[in-house]
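Features as listed in Swiss-Prot:
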- 800-839: compositional bias 'Polar residues' (COMPBIAS)
- 920-930: compositional bias 'Basic residues' (COMPBIAS)
- 31-133: domain 'Cadherin 1' (DOMAIN)
- 134-242: domain 'Cadherin 2' (DOMAIN)
- 243-347: domain 'Cadherin 3' (DOMAIN)
- 348-452: domain 'Cadherin 4' (DOMAIN)
- 453-562: domain 'Cadherin 5' (DOMAIN)
- 570-675: domain 'Cadherin 6' (DOMAIN)
- Asn304: N-linked glycosylation site (CARBOHYD)
- Asn419: N-linked glycosylation site (CARBOHYD)
- Asn545: N-linked glycosylation site (CARBOHYD)
- 791-839: region 'Disordered' (REGION)
- 900-930: region 'Disordered' (REGION)
- 692-712: transmembrane segment (TRANSMEM)
Amino acid sequence: MGGSCAQRRRAGPRQVLFPLLLPFFYPTLCEPIRYSIPEELAKGSVVGNLAKDLGLSVLDVSARKLRVSAEKLHFSVDAESGDLLVKNRIDREQICKERRRCELQLEAVVENPLNIFHVIVVIEDVNDHAPQFDKKEIHLEIFESASAGTRLSLDPATDPDININSIKDYKINSNPYFSLMVRVNSDGGKYPELSLEKLLDREEQRSHSLILTALDGGDPPRSATAHIEISVKDTNDNPPVFSRDEYRISLSENLPPGSPVLQVTATDQDEGVNAEINYYFRSTAQSTKHMFSLDEKTGMIKNNQSFDFEDVERYTMEVEAKDGGGLSTQCKVIIEILDENDNSPEIIITSLSDQILENSPPGMVVALFKTRDLDFGGNGEVRCNIETDIPFKIYSSSNHYYKLVTDGALDREQTPEYNVTIVATDRGKPPLSSSRSITLYVADINDNAPVFDQTSYVVHVAENNPPGASIAQVSASDPDLGLNGHISYSIVASDLEPLAVSSYVSVSAQSGVVFAQRAFDHEQLRAFALTLQARDHGSPTLSANVSLRVLVGDRNDNAPRVLYPALGPDGSAFFDMVPRSAEPGYLVTKVVAVDADSGHNAWLSYHVLQASEPGLFSLGLRTGEVRTARALGDRDAARQRLLVAVRDGGQPPLSATATLHLVFADNLQEILPDLSDRPVLSDPQAELQFYLVVALALISVLFLLAVILAIALRLRRSLSPTTWDCFHPGLCVKSGPVVPPNYSEGTLPYSYNLCIAHTGTKEFNFLKCSVPLHSNEDMVCSVSPGALIPPHGGEDLTSHPETLTSQAPPNTDWRFSQAQRPGTSGSQNGDDTGTWPNNQFDTEMLQAMILASASEAADGSSTLGGGAGTMGLSARYGPQFTLQHVPDYRQNVYIPGSNATLTNAAGKRDGKAPAGGNGNKKKSGKKEKK
């Protein structure tokens, strides 16, 4: 039924070498596949096996989605066999109208790869229409004077069928006067005419009736009949004559309706009524009669409607001129319509990909489309283009067919979709154009790894946090879509190994929130680092890592711990012995405490809560040093007790207490007989209550206090100045031991810690100083020489040298040298007031020495001075010895039983006397005994 390029391709031996390349070049190398079918085929009739003619197997029909497309779809493809089937009624006369060659053009589309083939179906005419006369009754007139051979034109019948199925012949019934002649024009049209065979006699027969039959060439033939009535009239011997037998004119299709088109003219040599000519359309299609109008008197032809070259290119009509005597003649009028560029091109999308992967290579076909312009010639030639700033371009695959292909890399994250506007422009003057926009969606692939908001994270978490609390949150973003952009978080590494990371922290896979699995302890874990990973769910998965450093902040959760004084092995408290001759400022002992916290939470301060003799001792706020605030008086007990509180700097502060037992004696033998008779000291809480009662009583006797004050003022005026000086409030005692001038200074080789039971019945008697101390702060002496000074001013110091007691400065053997000072470098002067350490190194040095001092004080193994119970520091606890876990404390180093501070032992080994503070040092000539 039809030929195909595929069949010819298989026939060529050389083309077999390139079976895979032929589908790409098929549209340009082969002629269209042609089929020929008769019209009016039933629906479902097989036109041909399109798959076979394309060289496709039965499996390829569905796999490659073989289909056809056209403006009016009259055909379809069987999805199983690949047959081209009739889908709708095919009427050649309706589809092609008056065209003799009727063809339907289709496009066969296949995918994988995407391609298109041209198919032409020729519609063959069948004899489905019978001839038809415009008028069933034909009336003619003829003069009786008409000679034999006169011809009368008859209206021909019409048949929409073509070729052999069109009108083939005409017949009339037999009669003696007329015969039928068929005239064939140059275009093949057949026109019947009656020929007069013999003269007429109107008087004999005034009219003649004939039957005209039109036959087509079909098998079987179809026919139509018309009744002819001929009236015989009087003589009119000259018929009209046209100036031309054929009129031809060309008109623009843009000619407005009502415009004059053509005027036909005919002349008649007769006179009178026989010369009056009227014009009529004859043998003209009804569509032509609707398009044009003819003035019967003038012969002027005008258009009733606008022309459209795309619908009808040429009009043909016959005009008859008839005179008043009934004679007539005909002429042919041909009107050709000239094409104007009045139709814009059309863009028809035949195939379009729904989505394009963003990793599609350049040259991938994403759409097929064709153009159509109903104009003719250059007006119908179309060229297409698109925007130049998009990664696509157009290829012309064949006449009026185009491919839209990729021309660069696609990135969905930057441009998720493209609105491609195709512009088609014809070559007319002026050119006309049209556009068609299509939307191309870019499908996502997993080409972007997650990205964290920060390059690293640092969070601060206070210790003792509740387990399960969130401590941080990391966030990452992924511009991909769906699973490619869905992020999960996890912990992949940490510096807690080999500890179980999961027992410390966890992370929410969905939100990135980091939770603490336990309460952190700053003293055990101050900081740790985690490596978090963000991973998407694409295939393959992509990930990114980020570091998270967690700093555990300190809280005041550890109370101070007193290292000295400590209880003995039997639970009894140690006693510190104080010489009876101790002057104000004498260093009695030192409270040493540590705090496991850090920072301000470990900044310790020392306070006296209770004292058996208030005002006798002073306590350094930061150093914890216990010094004599005044000289021992006659009424002061030999045994003294101090209750000291150690507070840290936290909020709220935590504290610890320590009890100091002090004994005034010059040697141990002096106090041993009386220790058993010493009454037991009252309970600290009871004494505190007692003082509260006394304070309340004092408030009630304010008047009595006023009297006492008046008596005191009177006594001041009556007593000698020397006696009053003991009560002078301006007395300042030099810090450090006061030694009478008949003694020489030197280092003590021994010191004592005396433990005395509470059942003693005796106590040491010391000389009490009547000078009260008006400050409970640390005593700092700057000018006092350690003796009673009259209140007359500094000039008495030079005028009465015999009243001054010379006192050597403290022995520097017990002081730190500059190189041995803990903390900062030796060139920097330390702060003697207990200020906070400047750096971690200072803290570690002090912590090491404090622990060493405390350890030796506890076990009585002091090596400094050689005496048992001395909390001295040996050379191994110098500044180079560090302990990382001991908290920071400065100045809390004390040597019990001594009024000296640490010194460099090197000077002692070299036999050099330490330099005194004021140059009045005497060499010791005596050796102290225990």
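Glycine is treated like the rest: Cβ placed from N, Cα and C.
Mapped onto this structure are the features recorded in Swiss-Prot.
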| residue | record | DSSP class |
| --- | --- | --- |
| Asn304 | N-linked glycosylation site | coil |
| Asn419 | N-linked glycosylation site | strand |
| Asn545 | N-linked glycosylation site | strand |
*Give the one range among 243-347, 348-452, 453-562, 570-675 whose Cβ atoms make the most pairs under 8 Å with those of the domain 'Cadherin 1' (31-133).*
348-452
*For the domain 'Cadherin 1' (31-133), what are the DSSP-based totals of helix, strand and coil residues?*
15 helix, 39 strand, 49 coil
*Within 10 Å of the Cβ of Asn545 (N-linked glycosylation site), how many other Cβ atoms can be counted across all chains shown?*
13
*What are the helix, strand and coil residue counts for the domain 'Cadherin 2' (134-242) according to DSSP?*
3 helix, 54 strand, 52 coil
*Could you measure between Asn545 (N-linked glycosylation site) and Asn304 (N-linked glycosylation site) for me? Cα positions, answer in whole angstrom.*
83
*Report yes or no: does the domain 'Cadherin 5' (453-562) come within contact of the domain 'Cadherin 3' (243-347), defined as 3 or more CB pairs under 8 Å with a sequence separation of 6 or more?*
no
*asked:* Using a Cβ cut-off under 8 Å and a sequence separation of 6 or more, which residues in the same chain sit near Asn419 (N-linked glycosylation site)?
replied: Ser437, Ile438, Thr439
*What same-chain residues, at least 6 away in sequence, bring their CB to under 8 Å of the CB of Asn304 (N-linked glycosylation site)?*
Pro257, Gly258, His290, Met291, Phe292, Ser293
*Reported in the order helix, strand, coil, what are the DSSP residue counts of the domain 'Cadherin 6' (570-675)?*
12 helix, 45 strand, 49 coil
*Give the residue counts of the domain 'Cadherin 4' (348-452) per reduced DSSP state, in the order helix, strand, coil.*
4 helix, 56 strand, 45 coil
*Residues in the domain 'Cadherin 3' (243-347) grouped by DSSP into helix, strand and remaining coil*: 10 helix, 47 strand, 48 coil
*Quick one: average pLDDT across the domain 'Cadherin 2' (134-242), no decimals.*
87
